[in-house]
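A.B. asks: Features from TrEMBL:
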ACT_SITE  Y143  active site, proton donor/acceptor
ACT_SITE  K173  active site, schiff-base intermediate with substrate
BINDING   T52, V216  pyruvate binding site
Amino acid sequence: MATPKKKLQGLVAATLTPMTENGEINFSIIGQYVDYLVKEQGVKNVFVNGTTGEGLSLSISERRQVAEEWVTQGRNKLDQVVIHVGALSLKESQELAQHAAEIGADGIAIIAPFFFKPWNKDVLINFLKEVAVAAPSLPFYYYHIPALTGVKIRAEELLDGIQDKIPSFQGLKFSDTDLLDFGQCVDQNHQRQFSFLFGVDEQLLSGLVMGATGAVGSTYNYLGKKTNQILEAFERKDFSSALKYQFCIQRFINFVVKLGFGVAQTKAIMTLVSGIPMGPPRLPLQKATREFTDRAAAKLKSLDFLPFAELRDGNLEACS
Ligand SMILES: CC(=O)N[C@H](C=O)[C@@H](O)[C@H](O)[C@H](O)CO
Ligand SMILES: CC(=O)C(=O)O
């Protein structure tokens, strides 16, 4: 049975996997990364080896080591370390799930297999269940990201009766813009203690309105503090402030999306904002261009999103 742990809530940073210029994982800065998230961004939960962490581009041995480093460095500092263990091979997923349990992670998450795809709910549940039983004591989260997996089985359908099949099921990370599906996940399961984690950072406020209990995202690495203002305003029912903060974040995300925004660019932005070198991504991703980084930096500065924005006169769009 799942341990009735403290519920995963609030912001969860989808961690980047720091790499050196020659493409090896730079484990040595993960400790610093933990401190940065906690102290500078007010973010105390992490989601490791997911999309942002290039989890599917790492070897199984690398994924184990990255997970271990986050758990070790996060001890007594982070509230929860959730490890993404999704893989195309059921065996690999099970191995990673079991490993997450052994090292003392707080939960596991998994995307749908995306090469041979499950075409209906029952097949997907069967796959998920086989992974969950490899770590029955760990809270289990389904990571719904249809745009990347191509598996479009609605989350609301998947959740219907899921605890009968997967007793450790604890929640959902919902990375899609279908608010009918998300809202119905919340509505139909409100009596259960699930975590409903919204995964589209630029639309977080609409997720909160639909009942999200928290959020997992890449931008919380460097906009955690700003995003916490949305959560706080929402909590005190100050919706006009919440919307103002959301619009402010949207201005930034909208700007970078138009330039071409993904994990490589997130690594460049995080390096810029935190000063911690995240390094290049791994192929097939390509390092962000100098032009991207310069333009993103200027935008961050004009929104007053840089910690060392000494050029206050440049902050024409600052939102707070
Ligand atoms: C596809 C993807 O990576 N989604 C991330 C997590 O779910 C988000 O955090 C986005 O990076 C973010 O919402 C910006 O679009
Ligand atoms: C964004 C997210 O949740 C991930 O990187 O997996």
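In case you wondered, yes, glycine gets a Cβ from its N, Cα and C as well.
Where the annotation comes from TrEMBL, it is an automatic prediction and has not been curated.
Note that the structure is a prediction, hence the values are computed from the model and not measured.
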A.B. asks: CA-CA, which of the recorded positions T52, Y143, V216 lies nearest K173 (active site, schiff-base intermediate with substrate)?
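C.D. replies: Going through T52, Y143, V216 one by one, the Cα closest to that of K173 (active site, schiff-base intermediate with substrate) is Y143.
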A.B. asks: Sorry to bug you, but what's the C-alpha spacing from Y143 (active site, proton donor/acceptor) to V216 (pyruvate binding site), rounded to the closest Å?
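C.D. replies: Computed Cα spacing between V216 (pyruvate binding site) and Y143 (active site, proton donor/acceptor) is 10 Å.
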A.B. asks: Cβ-Cβ under 8 Å from Y143 (active site, proton donor/acceptor), same chain, 6 or more residues apart: which ones?
C.D. replies: G50, H84, G86, A109, I110, I111, L172, K173, S175
A.B. asks: In three-state terms from DSSP, label T52 (pyruvate binding site) for me.
C.D. replies: coil
